[in-house]
Amino acid sequence: MIENLKVKCDCTTYNAVDTNPLSVYVMQPIWNKIIKIVPLWIAPNLLTFSGFVMILVNYFLISFYDWDYTASGTSPGLVPTWVWLFSAFTTFCAYALDSIDGKHARRTQSSSPLGELFDHGLDSWATSIFVLSFFSVCSRDNGKTGVSVYTMYIYLSIVLFNFMCSHWEKYNTGVLFLPWGYDLSQVLITAYLLTGLVGVEVWQKPLLFGYYITDVLVILLIGKCPDPWKTLLAHLKKTLKNGSLYEGLLPLVSPLLLFVLLTVWVVLSPGNILAKQPRLFLWMVGVTFSNVICKVIICQMSSTQPELLHWFLFPLALVVYAAISGLLGWAEEAVLAAFTALVTAAHVHYGICVVSRRL
C-alpha cells in the first residue's frame, strides 16, 4: 500500500469544501493575514508538526495535574490557573498552524501529496487529543457535576467517527467535506480562558433546564456530522470513484468492528477498566482509530482498496476476550497499558515508514 502511494499520489489534487460560516467569514480572513508574516523559508510541514507538538505538550501537562479527570470536580480546582491559560494559548496556536500550513505551501509553491498526507494524518490523532484535554474541563462525574467516563467514551467515539466519515466521503466522492465541528470546536479556547480567569466553579452551576455549559460545549465539539447521503447519491448517480457499493463501504468495516470490540470491553469488563483507567483507555481508543483512519486516507490518495480487517483488530480481540472472560483478572490494567504502548509505538512507526517511503 505504501509503495502504491509513492507511485500514484503525485497526480492527486486536493479538493475540499468548507461551508461553515465561522470558517468562511471569520477565520479564513484572519489566517490570510497571519500567513503574510510567516517567513518563506519555513517548510509547511514544520508548521503542521509544530502545531501537533503543542497539542501533545498541552495534553501531557494537563494529564500531569489531572490523570483521572477529577481535578476540576472540586472547588477550587486542583489544576493551576496558568495551566488553563497555557492550554488556551497552545490550542489557538495549534489551530492557527494547522489552518495556515496549506496556505503557506501554496504560497511557497511547495504543495505536495506528502504535505496533505502529513496534515490529515496528524489531524486524525490530534482530534482525539483535543477532546481528551477538554474532558479535564468537564471533570469526571462526582454525583453533582461532571460527565461519566462512559459519556466521555461515547463523545470521543462520535468525534472520531465524524472525522472518519469526512475522509470516507472523500474516498468515495473525491471531495473532502470539512465538518463544521472543526471550527466550532475552537470554543475550547474560550473554555480554557474562562476556566483560568474565573475558575472551575463556572462549570459547576446549571445553565438552563438543568443542563451545564459543558453540555453545550460538547454539542459544539461534535459539530455538524458529514452527510452520508452524499455518498449514497453519488452511488445512485454512478459517480462514485469506486466501482461498486462494496468497495465504497469497505473503509467502514474496520472502524465499526473496532468500536464494537472496544464497547464490549467497556461494558463487560469485570474490573470496570474504563472507570479505573479512563485516560489510558481513551488514549488507546484515539490511537487505534487514528491508525485506521490514516490507512483510509492513504487508500483515498493512492486510489487503492483498503484492507477488510485492520491488523489491530486481532490482538484487540484477544485482549477483549481475555478480559471479559476473567482470564486477565488483576492483570487487566497492566495488559491495557501494554496494549496501549504497542498500538502507540506501531502507529508512530507506521507514520515514520509512510513519510520515509514517500520521500
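Cβ coordinates come from backbone N, Cα and C, glycine included.
Now, the feature entries from TrEMBL:
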TRANSMEM  37-61  transmembrane segment
TRANSMEM  81-97  transmembrane segment
TRANSMEM  147-165  transmembrane segment
TRANSMEM  206-223  transmembrane segment
TRANSMEM  244-268  transmembrane segment
TRANSMEM  280-299  transmembrane segment
TRANSMEM  311-330  transmembrane segment
TRANSMEM  336-355  transmembrane segment
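Between the transmembrane segment (280-299) and the transmembrane segment (336-355), the number of CB pairs under 8 angstroms, six or more residues apart, is three or more, so the stretches are in contact.
Residues 31, 34, 47-48, 50-52, 54-55, 57-58, 61-62, 65, 126, 130, 133, 137, 186, 188-190, 192-193, 195-197, 199 of the same chain, all 6+ positions outside the transmembrane segment (81-97), place their C-beta atoms under 8 angstroms from a C-beta of that stretch.
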